[in-house]
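Annotated features, as they stand in TrEMBL:
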- 1-31: signal peptide (SIGNAL)
- 36-100: domain 'J' (DOMAIN)
- 130-249: domain 'Thioredoxin' (DOMAIN)
- 565-592: region 'Disordered' (REGION)
- 565-576: compositional bias 'Basic and acidic residues' (COMPBIAS)
- 580-589: compositional bias 'Low complexity' (COMPBIAS)
- 716-742: region 'Disordered' (REGION)
Amino acid sequence: MRVTVMTGSMMSLPLAVVVVLSVLLTGATHAGPEMDPYKILGVTKSASQAEIKKVYKRLAKEWHPDKNKNPGAEDMFIKITKSYEILSSEDKRANYDRYGQTDDTQPYGGGRYGHRHDSFYFDESFFNFPFNSKNHRDFTDSKYTLHFNQYVNDVVPDSYKRPYLIKITSDWCFSCIHIEPVWKEVVQEMENLGVGIGVVDVGYERRLANHLGAHRTPSILGVINGKVTFFHYAVAKEHLRQFVEDLLPQRLVERITDKNDLQFLNSWHEINKPHVLLFDQVPAVPLLYKLTAFAYKDYLQFGYVDQGLSETADLQKQFNINTYAPTMLVFKENVDKPADIIQAKGMKKQIIDEFMSNNKFLLAPRLVNQKLFDELCPVKQFHRRRKYCVLLITGDEETFSFGNQAFLSFASTNIKDVVRYAYVYQRLQQPLCDILMQNKDSAQSQPQVVILERRNAAGKALFKPVTAWNGSEEEKQRLLEELDRIQKDPSILIHDAVLPELNNEFASMFVIRWIYASYDYLSEVIDDILHNNWREMMPLLSLIFSALFILFGTVVIQAFSDSGEETKPKAKDGTKAENGSPGSGSLSRPPKKNFVEVTELTDITYMSNLVKLRPGHMNIVLVLTDASKNILLSKFAKEVYSFTGSLTLHFSFLNIDKHGEWMNTLLEYAQDAMQIDADEEEGGNHKIDYTGYVLALNGHKRYLCLFKPVYTGEDLDSKSSEDEGGASVGRSRSKPNRSRSLSTLQIHHKLDRLGLWMERLMEGTLPRYYIPAWPGLDKISSK
């Protein structure tokens, strides 16, 4: 028996191997010709890219489902598209030519997610993978398939009421198969909570994938308020649930305790909304409640009470809350008693939606914008019952509070299906009130009740002023009679008018909303920077690095340009000028500092401040002595202060007591300038006094402009003279009977015309004296 059994087993083993190989070979032979891109496009293996593209355009146009009504046109069009994707890519084409494989390459980016399939060939007929055939595609995905127009026209507007969870996939994406079980489980849960679901197949909707910014498959993203956010974590149910919760704004639900419950409920008058309180045992706000708060955020204000906290015991006792099941209360104008209540274990979305829809408005809300007016007082439809609006036109002052409260009391006791109550502040909605009250002027009138019916969307309405309103019993009775009468005879609305659009009274809250939106946007940007792949971040990174390059490049260039200048301590004793208008500086930029920085010209600073001065820059050098230093520096600072805004001017002083021979040598080089001095000194043999001279030295082009002092003060013996170029230059003349030492007043006035000379220097109209080379300051013997 044993021998027989073993013999049978040994005989059945080769048979099993043959069967398996037959199945594999059958599947391979079946899959091979089914997806041969060359045969589908009808091109040879030597066809060029231009030929392939030309054939593809022709076939795509011929087999497009919108133009070809053949039942197999859609499948053929898909095959044509897939074939072109393979042959248009050199890598995919080479892979197919070498191995005959098409389904282990991802035609749309395709990250590997740590799984390698390069060594295996999976046949879809053997493993029943949903590849290459729309008929085999998973029903769950086909149910949620999105197209570009559908996304733009339906999903984006709807994302302002609920978030969307969208999967990016493709037929040849192996990694998509690994996440499929988790995706199905999450879809089932999220859809029951009210989250929108979408699937984008990049093989058919490449345009939509590019629009969403999805550059690989699989990808999961969320859409809320029209904005796209990518999921960056491991695909797990808990992570996807947290991702959906993080999409929602942070301030949807306020946590309520015994300390802030009255503040929360009493805000109905300010925000003009009912308030919803959810009592539950769990510490965290349920996701279903957050989604509900997002869907109805324009109509209701939401709060959450954690029944497990001791700080909420008084609230639970006040409203007799059952601790064994979640309880939801709606409060309107009366904060002591809920207007509606619902209590059940495992609340369903459909029940909550119905509960919210029935309590979207206060009993008598204030008309604060056109949107609320349109919903409270809808336009009459032919197939619907008439809807009438009872409108109280009143004021927001304290004197109107009694009448307003009486109107609210009337509305709460006379609820009718065909009647909506509302009030409006005349001061805030003056155009509407003027028409309904038929006022000739805009002066605030006595409160009045008006019944109206809107006839069309253009603003036409029929109305009738019913009674003045102070809240008396007679006025209430008159209004009640008119309501009974109008339901029997609508023709009593005898007035008609085109109502203006209401002012948005909450427009001032735009700044706060903008701040919140900016915060959310910055949070998304930071999240993208931390998680997005490099391809998605390249434009942003390029912009950031370009800005940094420009910024640091400018700093480096400025640092190198300033490195040749050795900055000395600011000149003391008079180098700071007063904040005045020291001379006419109309041709220079406004000063950037409130002082003038003057550097002494010595053998140390001589090279950087003169010989190696940058092209286009000039050094303005004041010649002085030890005795006249303080006086001349102070005057010099005042005269040149208005020119310190120029980046090409530098200011220095030269002590003639130390470097007297340098001045003589310099002017000897400039022969024209020395000729002027020689002519003037023919009558005397005394030494030239250079005190008060100012030199404008251009180190690069080796020329100078010369200013000679002129007296304009109290020295009556001094005279003015002009140089050859018409510059206001002059110099002190020595008289035989005059002392060599000049008075303080004379020294102070030596620079009186320096401001005018500086203006001509900036204009470029001063004569220039060129020299062959700059004399070395260190080689000149000092006095």
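Cβ atoms are placed via backbone N, Cα and C, with glycine included.
Nobody curates TrEMBL annotations by hand; they come from automatic prediction.
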For the domain 'Thioredoxin' (130-249), the DSSP helix/strand/coil residue counts are 57 helix, 23 strand, 40 coil
Compute the average pLDDT of the predicted model within the domain 'Thioredoxin' (130-249).
-> 86
Please list, for the domain 'J' (36-100), how many residues fall into helix, strand and coil according to DSSP.
-> 45 helix, 0 strand, 20 coil
